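Student: Take a look at this one; I'll ask things after.
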Amino acid sequence: MTGVPDTTPEGAPEDTVRSTAADTAESTDGSATAGVARAAAPNEATGETANEAPGPARKTAEVRRRGAGRPPTRASRLLQNRWAGLAGLLLALLAPFVDATPYALSVMTSAAIFVMLAAGLNIVVGYCGLLDLGYVAFFAVGAYTSGVLATRLDLPLVATVPVVIVVTVVAGVVIGAPTLRLRSDYLAIVTLGFGEIIRITANNLDVTGGPSGIYGIPGLAGSPVAFYYLTVVVVALAVLGAARLGRSRIGRAWRFVREDEDAAEAMGVHTYRVKLAAYIAGAVWGGLAGVLFAAHLSAISPGSFTFLQSALVLMAVVLGGMGSVPGVVIGAIVISILPEILRDLADYRFFLFGVLLIAVMLLRPQGLWPARSKEVP
Amino acid sequence: MTTLLSVSDLRLSFGGLLAIDGLTFSVNEAEVVSVIGPNGAGKTSAFNCVTGFYRPTAGQIMLRGRSLRGLRPSAVAALGVARTFQNLRLFGELSVLDNVRAGAHLWLRQNVLDALLHTPRYRRSERECTEQAHHWLDFVGLRGDRYGEARHLPYGEQRRVEIARALARRPDLLLLDEPAAGLNHGEKTELLDLIRRIQALGVAIVLIEHDMGLVMEVSERVVVLNFGKEIADGRPEDVRRDPAVIEAYLGSDTHA
């Protein structure tokens, strides 16, 4: 480590010494805890905030204790407050004006649903540090609950939402309560098992339609465009909600648990309950994404809820930056859109997809838009 | 003076090994008690029993007449006990302020709905939480950056943050496990002053420490452990003259 982390405002005087220490840079670049930051260019973040000032920083230590004399610059304000989120939302809302073919709308809707999944898993993995390899289980529970209720009881899909919330909370408790006593590796294996159990159960039950699944699930909106907008609004609220939870008492408790469970306990954090809360929140987010998924495709089958799906959501979280809301939003968009962009390559599509993912992780191991623990006074 | 913490006949064994063998001591309100003894004497184990990290094999631990035995650490903390760790246990990748906010966790009155909707109650409690964190960092005299990650602070500063975090719990009883370890002379002097200022707040302190100068200076009573057994309990000046203590612990180095 060659320097104290910089707290000089972005765009500081030219004489600030640039450090090459990768680990300190890691802590300073990237920003924004706010809102929905869809599609905001990640490299802007690194370019703006990678300043390092080991020497001069010490001199001003007294001054920056309370942050006196260092108002956030326009760039940092842009990155840390809600403007990035609003810009992303605006982009998402304007996208259909660029391309509104059924194919494009379908891809964008799927991407938005995937963003919601990533935001939910980020609560579990990113905030709380619980490696969940079976997250798709909650996605499946949500999709099947609303699908079965809507087709069997002839209910509109919206009416199933309260039931979905209740069922996913119960699922979160049932899967979480026994497994969250386990630590790291064991937890990962058990969640992997539960993910498969849910899928195989859906495959074998009659009420879920067996291997062929459920057809004719009613939609939530009249047209694909309307449904896309509805999805964007729901997902934006979900992402905003996840971000707000992350900045609250419970969100901090999740991070304390991730960093050091014993120290968290010693400060009065009931670590088991806090972990269960993260799991339940993740379950509800996943379940509601499942409702959107069922409405989007109007048909669901066990094939949609494989381990690969869990792995892809986890990849979106890791690729974007664990614990970083704008990061996982970008990660989810990349993971869901990239295979579509690469569609022309036919057989080489997933080969190149894999190569690109490896390249990103080698070049930016901390994620595209890493979580920022530095606070702006 | 009223008794705050009373530990009686505490025993702890790991398999066949008796780590604590019948420890009895008490701490009055706003009193500084040091627990000393050679390495492996069972000092930290005793701390871990009081704070709920270890389950004692036998004995009683009472805080204001309430038994702490069998409670999980967070429940012990909720009753007004805070601690630091022998090896720093900061949340390294979180900001210094967030570390101290952890201490305020039990005091925050906001629920999930407040957080989702950013109600006035949420804003108020977040503001108070940050003010508290600043207050305790001021109190411990932190000089380093509060907004950056805790792991980037120098060692002595990290020690201060850990104490600030425990103080933000606003405990009645504070357990400090070797707070002077790794500190230089100047920092030790400041620690001495800090312990006195904490005591002045009405907080009782139990201190595990190897620095005899600090122990003799700051404690009202000293409990001496050796091989899990208590061999002395009394005023510092009496303890340092106790032949059993000199033999077991201070050895020939009586002026340490």
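Backbone N, Cα and C define each Cβ position, glycine as well.
Below, the features straight out of TrEMBL:
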| type | residues | note |
| --- | --- | --- |
| REGION | A:1-74 | region 'Disordered' |
| COMPBIAS | A:18-31 | compositional bias 'Polar residues' |
| COMPBIAS | A:32-41 | compositional bias 'Low complexity' |
| TRANSMEM | A:83-105 | transmembrane segment |
| TRANSMEM | A:111-144 | transmembrane segment |
| TRANSMEM | A:156-177 | transmembrane segment |
| TRANSMEM | A:226-245 | transmembrane segment |
| TRANSMEM | A:276-299 | transmembrane segment |
| TRANSMEM | A:311-338 | transmembrane segment |
| TRANSMEM | A:350-369 | transmembrane segment |
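Can you walk me through where each of these features ends up in the structure?
Tutor: With a cut-off of 8 Å between Cβ atoms, the residues of this chain six or more beyond the transmembrane segment (A:156-177) that come close are 134, 137-138, 141-142, 145-146, 149-150, 191, 194, 217-220, 275-276, 279-280, 282-284, 286-288, 290-291, 294-295.
Using a Cβ-Cβ cut-off under 8 Å and counting only residues 6 or more beyond its ends in the same chain, the transmembrane segment (A:226-245) has close neighbours at 33-36, 85, 89, 92-93, 96, 105, 108-109, 112-113, 115-116, 119-120, 122-123, 127, 219-220, 251, 281, 285, 288-289, 292, 295-296, 325, 329.
Note on the transmembrane segment (A:276-299): residues 106, 109-110, 112-113, 116-117, 119-121, 123-124, 127-128, 130, 132, 135-147, 150, 157, 160-161, 164-165, 167-169, 171-173, 175-177, 180, 213-220, 227, 231, 234-235, 238, 242, 245, 250, 254 of its chain, located 6 or more positions outside it, place their CB under 8 angstroms from a CB of the stretch.
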Student: Can you work out which residues elsewhere in the same chain, 6+ from the ends of the transmembrane segment (A:111-144), have a Cβ less than 8 Å from its Cβ atoms?
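Tutor: Result: 38, 92, 164, 167-168, 171-172, 175, 180, 184-185, 187-189, 191-199, 202, 208, 214, 228, 231-232, 234-235, 238-239, 242, 245-246, 251, 254-255, 257-259, 274-275, 278-279, 281-294, 296, 300, 302, 304-307, 309-314, 316-317, 320, 322-325, 328-329, 331-333, 335-337, 371.
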